[in-house]
Amino acid sequence: MAERRSPAPLLFRRRSSGEIQNLATVSSSLLPAFGTIVDDGYLNLKNYIIAPYDRRYRWWQTFLVVLVLYSAWASIFELAFKRAATGNLTKVDLVVDGFFAIDIILTFFVAYLDKSTYLLVDDHRKIALRYVTRLWFFMDVASTLPFQLMFNNSRGKRPASEAFAFLNLLRLWRLWRVSDLFKRLEKDINFSYFWTRLLKLICVTLLAVHSSGCIYYWLAYNHKVSKETWIGSLVQDFKNRSIWLGYTYSIYWAIVTLTTVGYGDLHAVNMQEKIFEVFYMLFNIGLTAYIIGNMTNLIVHAAVRTFAMRDAINELLRYASKNRLPQGLSEQMLAHMQLKFKTAELQQEEVLQDLPKAIRSSIAQHLFHETVEKAYLFRGVSEDLIVQLVSEMKAEYFPPKVEILLQNEIPTDFYILVSGAVDVVTNTNGVEQSLSKLGSADLAGEIGVIFNIPQPFTVRTKRLSQVIRISHHHFKQMVQPHSEDGKKIISNFIQYLKGLKQDVLQEIPFLQEMLGDPSIEVCLTNPNSI
């Protein structure tokens with residue numbers, strides 16, 4: 001029974017040996033099927049077997065793509081311009097065909113992926129049998145045979161000469177390599193998707209222009225009466241003129257017709273040319289639609305967030321107008337909506353929610369761990385508790401002059417200010433009074449959460465501010481198992497309350513009485529009181 005290898009260990013081996021420069025290359029590697037058992041016995045392929053995702057093999061395939069581009073150009077060019085087929089291009093063709101012959105031999109040593117088990121097969125016999133029994137092998141061989149030499153040797157024998165010239169077009173089969181390369185580049189984050197697609201569209205257009213121009217010239221060259229052809233009516237004795245003169249005329253006609261400009265200086269003269277132009281223009285309709293559709297998608301994709309933002313803002317303005325909301329409240333809603341779209345690229349909630357929890361926690365630790373450590377409430381607590389708290393916190397942005405907390409609202413969350421500044425204000429009998437200002441690493445809303453009372457103050461942003469918040473439920477759930485940390489948090493909280501200004505304490509009448517009671521610290525340091 002043939003031995004099959006899981007591709008997973010090879011992926012690990014590549015990474016450990018330094019062949020993988022970053023984790024992004026995993027996207028181009030093979031993945032094992034679910035349930036595949038990986039053990040040390042599968043760390044290496046058989047001798048003289050190449051992994052299909054091996055870097056050196058990928059570079060070889062990329063080099064062949066360059067040769068494919070030459071083959072696609074030369075095969076059609078040599079069909080139309082027979083004199084070019086007998087010159088230096090013949091030697092280049094033989095060298096290029098030699099490289100593709102080497103690739104055919106290499107293919108017999110490249111492991112393949114079994115679609116039923118999703119495992120790499122490295123058995124020599126199975127690899128060879130799979131290759132030779134498929135169309136790919138026969139087309140690879142046929143496109144590599146030196147038909148150009150046969151064409152040169154058969155000169156003067158018109159039927160054989162034409163047959164070998166057309167067989168030389170089999171080299172166009174190699175274009176599938178270019179298609180595969182573009183598919184891989186489109187998925188590779190190291191390359192811009194926009195420029196990759198644009199380059200693909202340019203290549204398709206150039207191939208269409210080159211092919212149609214050469215075929216049109218071939219029709220004229222093989223017509224019995226030279227003067228009754230599109231180019232013969234303008235250039236006398238064009239068959240004996242420079243090859244590049246004819247090629248220039250051909251490309252000029254192809255571009256003018258493709259772009260539907262149609263100056264009329266070059267036009268079909270005989271019936272064969274008219275039939276070809278009919279099909280070519282029908283083809284141009286499809287090609288133009290393909291190019292315009294792709295370009296439209298690329299451009300619209302870049303502006304889709306702008307469209308979404310404008311639609312959301314228009315809906316919000318209609319809602320505010322319909323419900324006759326105050327001007328100040330409407331402006332706050334508008335500012336918050338604009339900020340939401342501006343900060344979407346920073347928050348990337350849609351992306352983060354698809355990541356494993358461990359990665360999301362690591363991101364949160366990197367961004368907010370230092371800020372939480374500086375907050376007065378968590379000074380001196382264990383590292384474990386801080387890590388747990390940071391993992392459960394959510395980041396938000398608030399624009400200037402927007403309320404984060406409202407006085408007398410039910411406490412559900414408290415906030416730690418990461419950047420920006422906020423005002424703590426109170427409203428008594430319709431008179432608003434500013435009590436204090438908070439900056440980076442300061443807390444807001446913790447008094448209402450810890451005492452479980454309505455929020456005593458309104459907290460309003462002064463400028464663009466970033467905060468992280470945690471819910472009362474999660475906070476209590478994480479602190480209760482850490483009794484010592486709970487005592488430290490309450491001790492920090494009491495010390496903070498004792499340092500509050502008198503005008504702040506007056507807004508919470510029971511605080512003064514509570515802080516004067518010696519037993520209050522013993523009562524609050526019970527973690528269950530949080």
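Note: Cβ is positioned from N, Cα and C throughout, glycine not excepted.
Feature list (source: TrEMBL):
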- 59-80: transmembrane segment (TRANSMEM)
- 92-113: transmembrane segment (TRANSMEM)
- 199-221: transmembrane segment (TRANSMEM)
- 242-263: transmembrane segment (TRANSMEM)
- 278-300: transmembrane segment (TRANSMEM)
- 377-496: domain 'Cyclic nucleotide-binding' (DOMAIN)
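DSSP places the residues of the domain 'Cyclic nucleotide-binding' (377-496) in helix, strand and coil in these numbers: 40 helix, 43 strand, 37 coil. For the transmembrane segment (278-300), the residues of the chain that approach it from at least six positions outside its boundaries are 194, 197-198, 201, 204-205, 208, 212, 216, 257-258, 260, judged by C-beta separation under 8 angstroms. Computed over the domain 'Cyclic nucleotide-binding' (377-496), the whole-number mean pLDDT of the model equals 88. Using a Cβ-Cβ cut-off under 8 Å and counting only residues 6 or more beyond its ends in the same chain, the transmembrane segment (59-80) has close neighbours at 89, 92-93, 96, 99-100, 103, 106, 148, 165-166, 168-169, 171-172, 174-175, 177-178, 181, 207, 210-211, 214-215, 217-218, 221, 247, 250.
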